[in-house]
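This report refers to the structure that appears directly beneath it.
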Amino acid sequence: MATVLERVSKVVVDRLGVDESEVKPEASFRDDLGADSLDVVELVMELEDEFDLEISDEDAEKIGTVGDAVNYIEQKVG
Amino acid sequence: MGKLEGKTAIVTGASRGIGRAIAIRLAEEGARVAVNYAGSEDKANETVRIIEEAGGEAFAIRASVSDADDVKTLVDETASRFGSVDILVNNAGITKDNLLMRMKEDEWDDVIDTNLKGVFLCTKAVARPMMKQRSGTIVNLASVVGVAGNAGQANYVAAKAGVIGLTKTAAKELSARGIRVNAVAPGFITTDMTDKLPEEVKEGMLGQIPLGKLGSPENVADAVLFLASGDSEYITGQTLHVDGGMVM
């Protein structure tokens, strides 16, 4: 079973077309991974599907880095 | 083969008038249609029956477009029945006309809620499935009075002008995801809504229409079909006037 980080990484790589090595916990979607604001919205939607959960707009706004996403999902799923 | 074969559509406020004509027109071209209504269940069922008798597919669904929960149900239900939402036509609208000096706050709020906030809520709700599928078309019903202004309709005009601005913004935000957003601005169209206008107002309006006659709901539906279909694939953010030349 893949870890949350691995699954998040896969979604990020697929969606943003970045190299897997760039997807580190501290990487910011917008500043480091070249996502625009709409990309982030889409990414959150993909994560919702991948982990079968709903992320409210308020929570989504707080997700800025790969690590934020992983922590949030681990809290919700775990 | 219809222009919308295999596509699915939500038409808000489709129980009668222009919305009904749009639902029927889209269905004629092969779209499966969610016929939304707020109060007139019988009339919505009649729209569905007309579509089905012509060999089309449709179902009626109640939702107040100014209520976010209702709108979510509308979009979720349509997506689960049809498997996708390809076309949204934001048509639902009301009028509560009054002179600015006499207009009550609730008359203002009600019209803005349904005619402007409703478009925002429905657009936001369908943007999600459309972004995922990387395609979709949204057509908003504006009005020529939203461009030209109209005495006695401060609330309606403000909402319709707002719809035109919202159309442009949604077009800019969503175009990178293959979603096009346009508006149709009808002029003086024969419907229940315009039948209520006083006779002298109607005559006054006729004098302002270069083509010299009122429009029909079908005239508007044809324009909506154009903007909803692939025929307009390179058009987004535009407002198409269907007004006999009333406002240029």
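Each Cβ is built from the backbone N, Cα and C atoms, and glycine gets one as well.
Note that the structure is a prediction, hence the values are computed from the model and not measured.
The annotation domain 'Ketoreductase' is assigned in TrEMBL to B:7-189.
The annotation NADP(+) binding site is assigned in TrEMBL to B:Gly13, B:Ala14, B:Ser15, B:Arg16, B:Asn91, B:Tyr156, B:Val157, B:Ala158, B:Ala159, B:Lys160, B:Ile189. Taking the Cβ of B:Ser15 (NADP(+) binding site) as centre and 10 Å as the limit, one finds 25 other Cβ atoms among all the protein chains shown.
Reduced to three states, the DSSP call for B:Tyr156 (active site, proton acceptor) is helix. B:Tyr156 (active site, proton acceptor): 25 other CB atoms within 10 A of its CB, across all protein chains. The active site, proton acceptor annotation in TrEMBL covers B:Tyr156.
When the Cα positions of B:Gly13, B:Ala14, B:Ser15, B:Arg16, B:Asn91, B:Tyr156, B:Val157, B:Ala158, B:Ala159, B:Lys160, B:Ile189 are compared pair by pair, the longest gap among these NADP(+)-binding residues is 24 Å. For B:Ala159 (NADP(+) binding site), the count of additional Cβ atoms within 10 Å of its Cβ stands at 27 [all protein chains shown]. Take the Cα of B:Tyr156 (active site, proton acceptor) and measure to each of the binding-site residues B:Gly13, B:Asn91, B:Ile189: the nearest one is B:Asn91.
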